[in-house]
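Student: This is the structure, below, for whatever I ask next.
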Amino acid sequence: MASDPTSIAVSDDVKAIVKDKEAVGLAPVLSSTAEDDDLGISADGRAPTDEELHTLRRVPDKIPWSIYTIAFVELCERFSYYGTTAVFTNFIQQPLPENSTTGASYNIETGQAGALGLGQRTSFSLTTFNAFWQYTMPLFGAYVADSWLGRFRTIGAALAIDIFGHILLIISGLPPVIKNPNGALAAFTLGIITMGVGTGGFKPNVNPLIVEQLDLERMTIRTLPTGERVIVDPAATASRVYHYFYLFINLGALAGQLSMVYCEHYVGFWLSYTLPTIMLCFCPLVMLWGRKRYKRVPPAGSVLGRAFKIFALANKGRWSINPVKTYKNLHDGTFWENVKPSKIQNKPKWMDFNDAWVDEVRRGFNACAVFMWYPLFWLCYNQINNNLISQAATMKLGGVPNDVLTNLNPFALIIMIPLMDTLVFPALRKLRINFTPIKRIAAGYFVAASAMVWACVLQYYLYKKSECGNHASGKMIGPEGTEIDCPNVEISVWAQTGSYVLIAFSEILASITSLEYAHSKAPANMRSMVQSVCLFMNAISSAIGFALVPLAGDPLLVWNYGVVAIAAAIGGLCFWLQFRGLDAQEDELNMLPRGDVGGNVAEPEVFEKKDSVA
């Protein structure tokens with residue numbers, strides 16, 4: 001991929017623009033001068049100098065309590081999502097147990113919960129489609145929020161649609177409906193499609209909404225009670241917010257998954273779909289409570305069209321049938337500079353913005369380019385929602401449902417996130433080790449690849465020890481000549497722990513960092529859209545996953561995990577080679593001035609206003 005159109009080289013004139021406070025409408029500047037001290041101005045509250053950026057420790061700002069209420073909304077929504085999806089594989093793949101009308105097995109040791117009995121490949125296909133749909137719709141939800149409704153009202157409408165989708169799932173799990181597999185499948189499919197529309201309006205908007213509750217927009221010098229002078233860094237603050245936001249996500253996921261798989265086995269699928277729906281109904285109540293308490297950015301109208309027009313104009317005249325010439329044209333350092341309004345004499349009517357907004361758009365395109373390798377990371381993560389559950393069904397369960405092991409992922413995250421935030425990351429900052437987003441993301445790819453190596457080796461030994469050889473989940477001829485299920489392999493299901501813990505660690509490095517990066521690098525009026533592009537990478541991963549369907553079953557599962565591991569490792573290597581140069585520009589990118597588009601400068605004060613329209 002050509003990197004220059006999406007790579008940022010912050011020039012000296014950008015710093016000059018930032019220093020001109022009247023030109024950009026900003027109070028803080030990139031650096032202060034000795035004149036400040038001569039005038040008796042306190043160091044506290046000003047922006048850091050270049051020297052201070054390299055010498056002072058960076059700390060996060062305080063987090064307002066309003067953020068935790070939004071995080072609780074996310075917790076309830078993720079409880080509802082993961083609580084239902086945790087039982088999707090068994091609902092689709094396993095047959096209805098004998099003498100059961102609800103799908104419950106009643107005894108985990110001797111039975112397997114199920115309903116439709118469509119097999120592993122169909123289960124993999126439907127769960128993969130669900131993931132694709134859930135992460136494609138945010139593109140639509142983000143456009144609606146940024147252009148018309150705003151984030152708050154889009155979230156409200158999305159929650160109503162999501163609740164309706166959950167009701168359809170409840171219908172698909174009712175005993176009279178399960179008796180008719182075709183009817184149950186129809187209700188189930190319509191339910192996940194409707195839920196996808198709701199998730200599409202919720203996910204890309206709740207992420208930026210939560211960080212917009214923060215007050216600090218620029219780096220600031222402060223003196224701690226100990227006398228130490230530090231830099232209060234908005235990027236560090238956003239990082240802490242997103243780490244604990246992700247913690248709330250996984251608290252909801254853990255509670256939803258763990259409880260619903262037992263409901264599925266002992267009561268039935270209707271209960272596994274009903275309780276998450278009840279939890280989801282708390283979300284609109286909290287949002288209604290906060291409608292006049294949250295900082296709400298009104299929609300600024302569609303700027304996506306202008307952004308793509310700038311990108312198209314920047315590409316004009318740079319492409320040639322000679323690939324070498326094309327590469328040089330795209331990497332000559334003028335890709336974005338030449339399309340700034342100040343450089344164009346006869347500006348078109350749509351160019352109603354200033355140079356600073358072009359820098360913001362450049363930064364947003366850069367963020368989207370960083371996400372382009374993410375589908376290879378999500379290939380690894382998506383295995384825990386289908387193939388690893390099926391793998392567990394062939395192992396020695398020891399009294400636990402085969403789909404309960406998925407809870408090791410959120411459980412590990414709940415433990416590791418506070419440890420990383422309170423011990424590891426502060427220790428790195430004290431040692432002046434700048435573990436930048438690019439470094440964290442690259443490391444996440446390799447950790448995810450190692451998780452798939454673990455699953456690959458485990459699958460090899462399952463085939464080796466199974467009485468059915470490399471058809472461990474198939475059938476065998478019983479003593480009386482009848483077909484019976486292949487007995488579970490004498491390897492404890494807890495051997496999967498390594499895969500789930502490694503995936504969790506990779507999420508801290510890559511997934512949480514992607515949320516930070518999408519927020520910090522996006523123009524203020526395109527934050528939902530950039531978040532949706534980040535989420536859309538999971539949809540692309542699901543589409544790629546369809547190509548792996550032939551490997552998603554015996555006797556090819558070793559190849560399945562091996563191919564995914566290699567893809568993630570290649571993705572991590574390519575990502576690092578392409579974007580490693582952005583590390584040196586991290587501070588400059590975060591301190592670019594806000595742009596003027598449509599005659600309005602998006603000053604920080606806009607985030608302080610409350611939209612009173614319900």
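Placed from the backbone N, Cα and C atoms, the Cβ positions cover glycine too.
Bear in mind that TrEMBL entries carry predicted annotations, made automatically and left uncurated.
From TrEMBL, here are the annotated features:
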| type | residues | note |
| --- | --- | --- |
| TRANSMEM | 157-178 | transmembrane segment |
| TRANSMEM | 184-202 | transmembrane segment |
| TRANSMEM | 244-262 | transmembrane segment |
| TRANSMEM | 268-289 | transmembrane segment |
| TRANSMEM | 364-384 | transmembrane segment |
| TRANSMEM | 404-428 | transmembrane segment |
| TRANSMEM | 440-462 | transmembrane segment |
| TRANSMEM | 500-518 | transmembrane segment |
| TRANSMEM | 530-552 | transmembrane segment |
| TRANSMEM | 558-577 | transmembrane segment |
Student: Restricting to the same chain and to residues at least six past its boundaries, which positions have a Cβ under 8 Å from a Cβ of the transmembrane segment (364-384)?
Tutor: 1, 3, 5-8, 128, 131, 307, 311, 406, 409, 438, 441, 444-445, 448-449, 451-452, 455, 499-500, 503, 506-507, 510-511, 514, 517-518, 521-523, 526, 530, 533-534, 537-538, 540-542, 544-545, 548, 561, 564-565, 567-568, 570-572, 574-575, 578-579, 582, 589
Student: Give the nonlocal contacts of the transmembrane segment (184-202) in its own chain as ranges (CB under 8 Å, at least six residues past its ends).
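Tutor: Same-chain contacts beyond the ends: 77, 81, 84, 91-92, 115-116, 118, 126, 129-130, 133-134, 136-141, 144-145, 154-155, 157-169, 171-173, 177-178.
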Student: Take the transmembrane segment (157-178) and find every residue of the same chain, 6 or more past its ends, with a Cβ under 8 Å from one of its Cβ atoms.
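Tutor: For the transmembrane segment (157-178), the sequence-distant neighbours (Cβ-Cβ under 8 Å, at least 6 residues beyond its ends) are 77, 80, 84, 91, 96, 101-103, 115, 141, 149, 184-185, 187-188, 190-202, 205, 268-270, 272-274, 276-277, 280-281, 283-284, 287.
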Student: Counting Cβ pairs under 8 Å that sit 6 or more residues apart, are there three or more between the transmembrane segment (268-289) and the transmembrane segment (244-262)?
Tutor: yes
Student: Quickly jot the same-chain residues contacting the transmembrane segment (500-518) by Cβ under 8 Å, restricted to those at least six beyond its ends, or write none.
Tutor: 207, 235, 238-239, 242-243, 245-246, 367, 370-371, 374, 377, 380-381, 384, 388, 405-406, 408-410, 412-413, 416-417, 420, 437, 440-441, 443-445, 447-448, 450-451, 454, 527, 530-531, 533-534
Student: Compare 244-262, 530-552, 558-577 by their Cβ pairs under 8 Å to the transmembrane segment (440-462) and return the stretch that comes out on top.
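Tutor: Per the Cβ count, the answer is 558-577.
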